[in-house]
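Accompanying notes for the structure given below.
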């Protein structure tokens, strides 16, 4: 039944014109993820406003087609086989409004672009997020953070989509986690005035540290595991002798053991095998169960 619906969708006879123009077929997920793995997405849709997001979700739910929201493609692992549904790629849903120290930004907006705008306007509060390859939506979902800075510390209000309802909410973020249910559409971010040169100095310092301690110039989805309470994940991985694991072209990074890198043509199944080995060995040695930061799509 689903295959028949997909054929109809391929013909696009069920789509309004405004949705047809933003729909692509047979997109390689390797081109849309920072780890450069994954199969082919049957359809990829690029919404430009909330109405288009609501429309495509309504069609997908009505016709029983699975869908997945994609930002910058970090913190996500797609299967090696094809994704037989719709990837809703949020990169064109990227608007920004400024009002003094308050910034309203859409979820598809680049986090690094936002940091540059904040710096140019002498606004502080996000410097530690330099180098994180995420959209605003992804950064909110994971409550991205580094060097004591976190998205949740600067967010005043979020606009979310839950059960096809658009809601404005104040939400309490916790470590590396945003919403359990729903999709981020927008955020109101409150920053503080500061000296531009001081902001630039801090960002440069943080970025310099990251280039020396993280494999930011290699295909990776970012850190693999959350830090368990009282521990550093990389220390547990190293202590369990998992820091030199390689399967095919997937390998634990030599620079930082809580990163897995793609050395060329890695497959998702190889990465998942490494993740399982690390979790098993760390639990065996320390009785600590590591929890993935990456979202594994089935």
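Just so you know, glycine gets a Cβ as well, placed from its N, Cα and C.
Taken from TrEMBL, the feature active site covers 176, 293. If you look up TrEMBL, you'll see 223 marked as active site, proton donor. Taken from TrEMBL, the feature domain 'FAD-binding PCMH-type' covers 37-194.
When other Cβ atoms within 10 Å of the Cβ of residue 293 (active site) are tallied across all protein chains shown, the result is 19.
Model confidence over the domain 'FAD-binding PCMH-type' (37-194) is summarised by a mean pLDDT of 92. In the three-state DSSP scheme, the residue listed as 'active site, proton donor' falls into the strand class.
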